[in-house]
């Protein structure tokens, strides 16, 4: 698939994702969790489309900085807002949202963090973009678009005048 | 002499003293602590950040609060932590201290948390540890207690937003207090409007004025219009040095009672690093009263120590990356 870049193209993807979430989870009182920072933007956009009442509680946010697997290699990550799950996760159906799915390591960290809050009934992973380069046996359930990029290119979601995607050469920013 | 506690890129490698640290770093410590403080409210009260790291609490002097909050902080970061309480009186210092150190280092320790009754002990250890080991000062003699100062700053920030407009008074034995020394350095670095010290002449350092603090010898004028009141533990052994007439006399002049607290602003907070001597430097009714944040200080100690430990070990990772 060609790379969606403009906010209009991204809005279409979001609406399709929202529709899938509605079909699969409407009868399960799902809860929404976004991964900082891009995943929170995508989660908010999905919440706007689905309506405030679709999810049973306010949006939860995860900052997986303390669950990453690269501390001994690169140390602390820059500060972002702390995790905040304003609900009990025990026995609930969660929709976990990220912007770009790449190696799967962020998802691994997010799942570990969620389980430190409790034991959800299920976790559905929804991502705006899935790109090639998976390194773990984890894949998203709901995908806006799948794209193939050369290894040396990185994809970054920006939130300036709406959501937009940017391709950057490796080295210009950290992976994911 | 403030030492090698920063890496070349300005990250915390050791945490020995507040002296010489810049405001953005102190702010980063508090911001990180703010993030860590939420972890204590979760079902699983820990994160895997320092999993596999080994931290040794090396305490050559007694401590309850500091040692246990360091231990809890390490555990909430998933590090392995071991406590060593060493009675110095039996050992000659210099060489045996280094011997102890090298033995513990041989166990692949990543961090030492050190408390010692001699000023400069943590710094001395920091100078002799292997390059991959960090040292945190948990109090050295009359010199410094930087994590205590930072948890106090964090507590103040939680209650009073802007440091610049604050008037802070520290009461008691400033001369022998490593807590006060570190607090004054931190308050000054954070740009606190006015720092005051209150106490008898014999317990205030002669160089007080040069530290940029205002000196008072009576509570009424010293506490007037103050936003934060910090009382210090009166170390009873000072009494023997003829610096003070008696505990009762001290309480009459400098003990923080409800009456004296009225000189401060009505919304002033009352702090104490603990352990408190009730009826000596502070009345029970104030220590347990509505303006007291003494137990909050203890809680905040965990988050501050998590922040400092993770930042120091993170800089080690960065260092390793550069060397590769």
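Any Cβ shown, glycine's included, is placed from N, Cα and C.
Positions annotated as carbamoyl phosphate binding site by TrEMBL: B:65, B:66, B:115, B:145, B:148, B:274, B:275. The L-aspartate binding site annotation in TrEMBL covers B:93, B:178, B:233. What TrEMBL lists as domain 'Aspartate/ornithine carbamoyltransferase carbamoyl-P binding' is B:13-157. Under the heading domain 'Aspartate/ornithine carbamoyltransferase Asp/Orn-binding', TrEMBL lists B:165-311.
According to DSSP, residue B:145 (carbamoyl phosphate binding site) is assigned to coil rather than to any helix or strand. Residue B:115 (carbamoyl phosphate binding site) falls within a strand segment according to DSSP. Among the binding-site residues B:65, B:66, B:115, B:145, B:274, B:275, the ones whose Cα is located within 10 Å of the Cα of residue B:178 (L-aspartate binding site) are B:145. Checking Cα-Cα distances from residue B:233 (L-aspartate binding site) against the binding-site residues (B:65, B:66, B:115, B:145, B:148) with a 10 Å cut-off leaves nothing; none qualify.
For the binding-site residues B:65, B:115, counting C-beta atoms within 10 A of each C-beta gives the highest total at B:115. Here the domain 'Aspartate/ornithine carbamoyltransferase carbamoyl-P binding' (B:13-157) returns a mean pLDDT of 91 for the predicted model. The Cβ of B:233 has fewer other Cβ atoms within 10 Å than any other of the binding-site residues B:145, B:178, B:233. A Cβ within 8 Å of the Cβ centre of B:65, B:66, B:115, B:145, B:148, B:274, B:275, the residues given for carbamoyl phosphate, is found for these other residues of the same chain: B:63, B:64, B:138, B:139, B:179, B:273. In this structure, B:275 is the one among the binding-site residues B:274, B:275 with the smallest number of other Cβ atoms inside 10 Å of its Cβ.
According to its DSSP assignment, residue B:65 (carbamoyl phosphate binding site) is helical. The local packing around residue B:66 (carbamoyl phosphate binding site), expressed as other Cβ atoms within 10 Å of its Cβ over all shown chains, amounts to 25.
Residue pairs drawn from B:65, B:66, B:115, B:145, B:148, B:274, B:275, the listed carbamoyl phosphate binders, are separated by up to 16 Å at the Cα level.
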